[in-house]
Ligand SMILES: CSC[C@H]1O[C@H](OP(=O)(O)O)[C@H](O)[C@@H]1O
């Protein structure tokens, strides 16, 4: 299985996902600026992977700090955290990971700064290791919505490349394959950055899983033919009422699934659930550059001065979602109650 991120000898190694599928280039990230750039340019991407990378970004940013009193050190750490947090606004895992690193520093405020740096390095490693276990659990919980012989449609990439391992939406598919089930996948190409055609097809084929690439505007026809048994997608932020921000186009896929009576599931760790954000209307949607649409991957496909709107995410209202597959179980409606329940540790199928 691919390894999206690896921290060793004080450097963060990532697959540069902007080069996939034609080049599998591993790059070393040695500074917080390089980490910011990698997240901003989607060299590393996907909510959990962004959070893990940002945690290591804090480690890289503090390693050469010379402040030896806690308050000065902590002020610098907060600046580094704020800087990394300005890279992308929608995936809540980024902010969750940064908050966790800040809290860890505060918990150890009476220790020597050099010891705190070591503790924070260990905290970032823990975040990555925990994500591996969480994604495996999402796979185990998510397999409940699959059957041997099923065909799944997915959008964007919520696989290994978006996490530390296994993925979220793709985790149940990998587990089904391990169990010897006959599983097929239709992957939306997912314009404009083509995470589906560049990344999802790449990683599923590497794993020997039957995947068919379709353009985004084919999903309706494929569903109308009865070829899809279930839709599973990832998530970048789940609001307290169960509205979900995910890659642009997800909302349309959810509407199509409803129209064709196809179950629609979202998969993600509880670190992607944001109880502080009441509804999907309150989620900040990242808008990206015009060049991604009019000049995607090197070919100009529109007049250079055409007006462009390029939101990287959209929001799927909770009423279109049959369940949210987490490491603590599958959360179902009423989401405003049941999302709080899994945070109270009660967890499990609702
Ligand atoms: C497992 S989270 C994956 C999630 O993140 C992707 O966004 P991006 O490629 O812009 O980082 C997409 O929304 C996926 O569903």
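Numbers run from 1 along the shown chain.
Even glycines carry a Cβ here, placed using N, Cα and C.
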Item to complete: According to TrEMBL, 45, 46, 47, 195, 246, 247 bind substrate; identify which of 8, 88, 288 is listed for that same site.
Response: 88
Practice prompt. Check the binding-site residues 46, 47, 88, 246 for any whose Cβ is under 6 angstroms from an atom of ligand 1, and report them in sequence order.
Written response: 46, 47, 246
Fill in: Conformational class of residue 46 (substrate binding site) under the three-state DSSP mapping
coil
Fill in: residue 195 (substrate binding site) to residue 156 (site 'Transition state stabilizer') - Cα separation in whole Å
5
Worksheet entry | Set of same-chain residues at least 6 away whose C-beta sits under 8 angstroms from residue 45 (substrate binding site) | 17, 39, 157, 161, 162, 195
Practice prompt. Provide, as an integer number of angstrom, the distance between the C-alpha atoms of residue 47 (substrate binding site) and residue 236 (active site, proton donor).
Written response: 5
Worksheet entry | Between residue 156 (site 'Transition state stabilizer') and residue 247 (substrate binding site): CA-CA distance (Å) | 6
